[in-house]
There are 2 protein chains.
Amino acid sequence: MAPHKLCMIPGPIEFHEDVLTAMSTPATSHVDPLFVPIFGESIEMVRDVVQSKVAQPFITSGSGTLGWDMMVNLLEAGDEVLVLTTGYFGDHFAECLEVYGAKITFLRAEPGSRPTEQAIADALAKTKFKMVTVTHVDTSTGVLSDIKAVAAQVKAASPETLVVVDGVCSVGSEEIRFDDWKLDIVISGSQKGLGVPPGLSIVVASPYAIQVFKDRKTPVPSYYSNWAKWLPIMIAYEGRKPAYFATPAVQLIYALHTSLKLILSQPLETRFKKHAAVAADFRQTVRNLGLKTVAQDEAAAANGMTAVWLPEGVEVSQLVPALAGKGVQIAGGILQGLATKYFRIGHMGISVMDDERQHIQKVKDSLVASLTELGYKN
Amino acid sequence: MAPHKLCMIPGPIEFHEDVLTAMSTPATSHVDPLFVPIFGESIEMVRDVVQSKVAQPFITSGSGTLGWDMMVNLLEAGDEVLVLTTGYFGDHFAECLEVYGAKITFLRAEPGSRPTEQAIADALAKTKFKMVTVTHVDTSTGVLSDIKAVAAQVKAASPETLVVVDGVCSVGSEEIRFDDWKLDIVISGSQKGLGVPPGLSIVVASPYAIQVFKDRKTPVPSYYSNWAKWLPIMIAYEGRKPAYFATPAVQLIYALHTSLKLILSQPLETRFKKHAAVAADFRQTVRNLGLKTVAQDEAAAANGMTAVWLPEGVEVSQLVPALAGKGVQIAGGILQGLATKYFRIGHMGISVMDDERQHIQKVKDSLVASLTELGYKN
C-alpha cells in the first residue's frame, strides 16, 4: 500500500489490503455469472454480521444517509416517531423522518449522556409510536446506546412499534443480535465497522418491518429509496439470479464481500471483545492524560470510537494538524456550538483487530506527543 | 490487470488501469486537505465534459438512477411533463417523475426510431410544460436523440420549459454543448462514457434550473435527493473547502478524477469523432453480416453502443455465452416483449480511444465466430 496518513477518524477507517485490491476488480458486468454469487453472498454475510437468520438486507449505491431515507418505506403522514438522540446524527435522522411525514417526539440528553429508562417509559406511556429510533453509536459524541434494553422496553410497552437502529457507526464494531433483541431496522454504511470504502448504503429489515411496508395504505413517496424496487433485486441476487433496477456498485460490492469474509473468518464475539478491550484501554490513556471523554460513563462509551474534550489552551485547529504532521488523521468535533471543544478518534476494524499494524499505539503516541508540543501539561 | 472477460456491454465499460489504481487509494478522510481539491477539480472537470462554463454539477453517492430522483427538486404536484421516449429508460424515467407529482404526456416512437419534430411541435402547442425530458441515448435501443434540435425547438416554443437530458449513456461518448444548446439538466452515472466503476450519480444543472429549484413554492419532498443539502457541499468543495452532508465515496471520486483527467487530456472533439468513427464502422460490420441495428437510421444511431436484431434461429441465450466463451461479455436486450430478440454491445471509452487494446477488433471477431458456430449463414 502507498504511504499515507493513518486514517483514524470515526470512518472512513483503514482498509485491509485485500479490500483495496477488490476495489480495483477489472470491469465486470453487474449480471456476469461471476458477480452474481458475490452479491448474493454479500447479502447473506450482512445478515450474519447482525446475527440474524431472517432479516432482509438491502445493499444499495449511496451513503449511510441513504439508509435514513429508506425509512420512507415505513412512514405515512402523521405517524408518531420517538427519537432518542445522543448527538448530531440523532437530530439529523429526525430531520429526515420529518420530510416523510413523521411527527417527532425528541428525547434528548445532555452531550455525553443518553435518555434515561424513565424518560423513555414516560414517552411510551403518553403516545402510541409507529417507530422509535435510536442511534447505536452517535459519531458526534461516541455515546453508545443500550439498544438491547431500549428494544426490550419498547416492545414490552408496544409490540407493534418499530425499533429502528442507526448503526452507521456500530455495525461491525459493536455487538448486534438482530433477532434476539427484536430489532426491526439496522441502518449502516460501508466505511466504518464494515471496513469498506464509502459508497454503499446497508439496511437490514425484520420480516415485521417488511410486512409494515407491504401493508401501508399510501404509496411510498420516493422512487430511488422505494423497497418495491429494491426488494426483488435483493431476493434475486440472493437466489443467485441477476436482476435490474439500478446498476449496482460492482467494485464496492467485491470489496464488501472481501471485508465480510475477513470479518466472519473468526467468531464475532472475539471481534467485539477485542474492540471493547482496545476502547477501554484508549479511554484509560485519555484519563491518564488528565482528559475526559465526551461519553460520561464507561457503559455508555462506544467501542469503535472515542470523543475527547480538549484541555484548556489547546485548539482543535492546532491538534488535528499536529497529528497529521505525525502521519495520523483524526477528526474535530461536529456538535453544534461545541465543535471546537473536542476531538474524535476512530478505533475500528483492522486497526483494532491486527495488533501488528501498531495503529492504536501510533495514534496514542502521536496524541501524547502533539499535546506536549502544544504546551499541554497534565 | 488480472485477466478477465472484456466488458463490452453498454456500461459498465472497460476501465483504464490508472482509474482502477485510483479505486484502491488507501483510506483517506473526506475532509483531508489532500482529498478536498480532488473533489473540487472533479466538479470542475464534469462541467468541462459537458462544455459548460456556468452549470452546477452534483456528484453524489448513488447510481445513475439517483439522477432521475433528483428531478424531485424541480417538480411540484401537477406539473406537466413531456417525455420523449426512445426505449425502456425513457419509460422508467417517467415512472420516477410521476412519483414526484408530474402529469406525464408521452411521445413514444416505435422501437428504433424517435419522436418526430412534428409530434413534438404538436405536443408543445397543446400544453405548457414545466419540463421536457429526452433520453440522449436509450441504452435499451441504442437510439440517439438529437438533443440540440429538441432543446432549440422546446426553448423556441416555451423558454420557461426545462430541458432535461438523460445522459447516462451519452456523457463522455456523445457531444454535449450544455450552454450553447440551452440545456437545463444532464443526468449521468460514472460507469459508461466517463469510464469509472459504478457508484456515482452525476447531475449537471443550469443556473435557470437552480433558480427554478430556489423559487419553488412547496418543500422538496425528499431528504437524500434534496439539492438544499447537496448544493452547499458542491460549492464548498469546488471552493476547496470541506463540508459535510453525507460521506462522499472518496475512492470513486479519486477514480473519477483520474478518468476525467484522461478524457480532458485531448480535445473533446477528437474523442467524439473517434467514437463516431468506431460506431459507424461497427454498424457496417453488422450490415456486412446481413444483420440490422435496432436504431433505424444512421443519424439516430448512438456512438457509444449498438443494439442489433438477432437473425432467425439464433437465441440470445446462446449468443451471449458463446461470446463469453471467447472472453467477451455482451448484453442481451431489455425492451419489454423484445428482450430475447436482440443483443447490445458497448463501444465507449478506452475500448474506442486506444486502438492498441484491440477491444473492438476482438468483439467483432468474436461476434462473427460465435454466429458462425451457432449455424448462422449470411
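Numbers here mean position along the shown chain, with the first residue as 1.
The backbone N, Cα and C atoms fix where each Cβ goes, and this holds for glycine too.
It should be emphasised that the depicted structure is a prediction, and the values quoted were computed from it without experimental measurement.
The annotation domain 'Aminotransferase class V' is assigned in TrEMBL to A:44-333.
For A:K192 (N6-(pyridoxal phosphate)lysine), the Cβ neighbour count at a 10 Å cut-off comes to 30, with all displayed protein chains included. Summarising the annotation, TrEMBL assigns N6-(pyridoxal phosphate)lysine to A:K192.
When other Cβ atoms within 10 Å of the Cβ of A:R344 (substrate binding site) are tallied across all protein chains shown, the result is 22. Marked as substrate binding site by TrEMBL: A:R344.
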Going by DSSP, is A:K192 (N6-(pyridoxal phosphate)lysine) sitting in a helix, a strand, or coil? coil
At the Cα level, what's the spacing in Å between A:K192 (N6-(pyridoxal phosphate)lysine) and A:R344 (substrate binding site), rounded? 14
What average pLDDT does the predicted model assign to the domain 'Aminotransferase class V' (A:44-333)? 98
